[in-house]
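What TrEMBL says about this one:
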type	residues	note
BINDING	LYS556	ATP binding site
DOMAIN	1-150	domain 'Eph LBD'
DOMAIN	269-379	domain 'Fibronectin type-III'
DOMAIN	383-475	domain 'Fibronectin type-III'
DOMAIN	524-785	domain 'Protein kinase'
Amino acid sequence: MDEHNRPIHTFQVCNVMEPNQNNWLRSNWIPRQAAQKIYVELRFTLRDCNSIPWVSGTCKETFNLFYHETDEAHGVKFRPAQYTKIDTIAADESFTQMDLGDRILKLNTEVREMGPMTRKGFYLAFQDIGACIALVSVRVYYKKCPFTLRNLASFPDTVPRVDSSSLVEVRGECIQHAEERDTPKLFCGADGDWLVPLGRCVCSVGYEEIDGSCIACHPGFYKAYAGNIKCSKCPPHSFSYGEGSAACHCERGFYRADKDPPTMACTRPPSPPRNLMFNLNDTCLMLEWSPPSDTGGRRDLTYNVLCKRCGPEPNHCKLCEEDLRFLPRPLGLTNATVTVTDFSANANYTFEIESLNGVSDMSSFPRQVAIITVNTNQGGPSLIGALKKDWASPSSIALSWQQPEKTALPILEYEIKYYEKEHEQLSYSSMRTKAPSVIISGLKAATWYIFCVRTRTAAGYSSYSPKYEYETTGDCECRPENSPIVSPPTVPFPGIKTYVDPDTYEDPTQAVHEFTKEIDPSRIRIERVIGAGEFGEVCSGRLRTPGKKEIAVAIKTLKGGYVERQRRDFLREASIMGQFDHPNIIRLEGVVTKSRPVMIVVEYMENGSLDSFLRQHDGHFTVIQLVGMLRGIASGMKYLSDMGYVHRDLAARNILVNSNLVCKVSDFGLSRVLEDDPEAAYTTTGGKIPIRWTAPEAISYRKFSSASDAWSYGIVMWEVMSYGERPYWEMSNQDVILSIEEGYRLPAPMGCPVALHQLMLHCWQKERSHRPKFTDVVSFLDKLIRNPSSLLPLVEDMQRYSSEGSFILVESIIGAFLLNNIQDAFNPTCKSGTENILS
């Protein structure tokens, strides 16, 4: 009985009075199973010989443990000589007569191992040589690495090797709906622990990993590639009804071309071309048109031209003669123009211009075409007579010309283009008039200008007249020869490379490794929290780089408890920013991904965001300083545009300012999806971005491009010149959209030079192809900085030209200032065509 009066079943012996004891106890035959090394756990009690009188020569305090391997049971046969000794077992504690009286049970536990085992089974034997011992229990066992699931692979029960220094390599089997990416392996250690996981399985197409299992994508979601990516929502205009979809099916009327990836939205054929017109002279016919209002959501837009020659009777048409030539070709045109030659005189030609894209051949609906009929006897607009200078002043020139003597159609207007002779290849301006004379103002004194004129009729534009050179008169108030000229600083930077979208990588972490630099966290010292970002805190601190001076940095941290998707989205901004190297783009110093917390380290911008900085210093800067800020932002956007990166969220809140007033473009990490929402706001993982910075085509058709960034840049200009006012004030998003559609634009802020507001209006052209390139914006602002007098005319000085109310109609103000085609200031030459017409 133990101390709790519970019975204990034991094997015991206590022959201590007689010498030379040799008592044996043998176990039954024990099957070895898969074991190579056997462990024997003994639990026993042993009497202290000193507590037994008159046994000092015969009492022992140890016993021996033996084993014998066989392939089968021996029955009752027992031959001690066949057994191999494992060890002599001694007790850590022995009991006395007093312990028996107090019912104190001093139980000993000893474990011994034996092996390697090779036979099918074995016996255990216990030899007593004169001890007083009770054997309470014998437990025989072996160790194994248990069945487990790791990295979407299952690993079976595995018995380790006898040699404790070697590991057993075990290859795993992918779980259901998973497949090997790298062969999954685990190593079984001698103690039954799994060690050193290698390789992994990934969920198959149509399945995503959730809590260690591969679960089918729900209806409305899909997964096109095997990997550790989540199921994605079906792209626009597509759906999936079943579980586990590898791709989404297109809605009726929408298609996906064979070469389109399954991640691409379903698209449709384009609408017909718009504004089809012709320009005819004696030798050639030029057809020009505008792109379709709906491209179907694709960029691979081309045009086909079909020609028919029609007789005097209705519906009596046939294909045009083979001798008719189309330049550059009639099919597969990428530009919205074609020239036709070798046509017959006095003939009626009907031209059908068809818009096509990559899914046009998949549609069963009739194709959309624009049609125009041309009579080759209907002459186009004629050239004007000589262009004469009537008078000149230091800032103006008056011109007149003779109307064409013979015109088949009435002349609707004249277009005059002009530019400085020395800057012929840089830019030019234009204006229109209905009279055969014009006064051009806003010119430089004592400067030679080139002028040319063309006419417009219902048939289109004529060719330009020959170029005429005229000079403005001198100005006594010329700038002194030695007065300083303010020029923006020039900072060299590496040549432009091509932007790579991190989302194109199957494993986004690969983009992080490729485009960023891992920083040892011991080199970073966080000093204080300066804000809270979408994923965690934003701190200021210091970065130590070996061999370099310690620098101030801003540190974005990823808060604890994140999921893998949040970590991937957090680091996405770093893999974008790491590709940029420009003095007006926020500089990435590096990332910390191999320890916690995950961090993005960027240069520290002392003055924070531009909008807040301007509001805090309202009215403190000169116009030249503000133009310098705008020039820096434009330079950064030019760099991004040249790399092929579209920012999509250019706003003063995303421009950072350092202690030297250098502005740098930031915020590259948001993924943006346009919601079907009457407020038309872009949704990001961090909230909604209001549409007041966004171009109309981006709101309506999700057309993001450098041209939509140019629209946003015009809004940033307005924010800068208004010292951080909110664009469109308290208007609702819907009211902003309606106002823009009706042609209204933000008025010039107080104290804004005319030239800057004209550039804003140019950035806000509805037709995106008419907006300036960032290269031209930088060049234009450089000219303003070099010529500060061009910034003196202020919009409020010309209020008599503005319309009533809070907004300015684009056409009204441009016409009032005789600058109704300022957008042509960014076109290099006088040429025929309609791409420069203000729509």
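Here the Cβ of each residue, glycine as well, is placed from N, Cα and C on the backbone.
Unlike curated entries, TrEMBL annotations are predicted automatically.
Mapped onto DSSP classes, the domain 'Eph LBD' (1-150) shows 11 helix, 68 strand, 71 coil. Neighbour list (LYS556 (ATP binding site), Cβ cut-off 8 Å, at least 6 residues apart, same chain): GLY533, PHE535, GLY536, GLU537, VAL538, PHE570, MET599, ILE600, VAL601, VAL602. Helix, strand and coil residue tallies for the domain 'Fibronectin type-III' (269-379), in that order: 3 helix, 51 strand, 57 coil [DSSP].
Taken together, the residues of the domain 'Fibronectin type-III' (383-475) have an average pLDDT of 82. Taken residue by residue, the domain 'Fibronectin type-III' (383-475) breaks down under DSSP into 3 helix, 44 strand, 46 coil.
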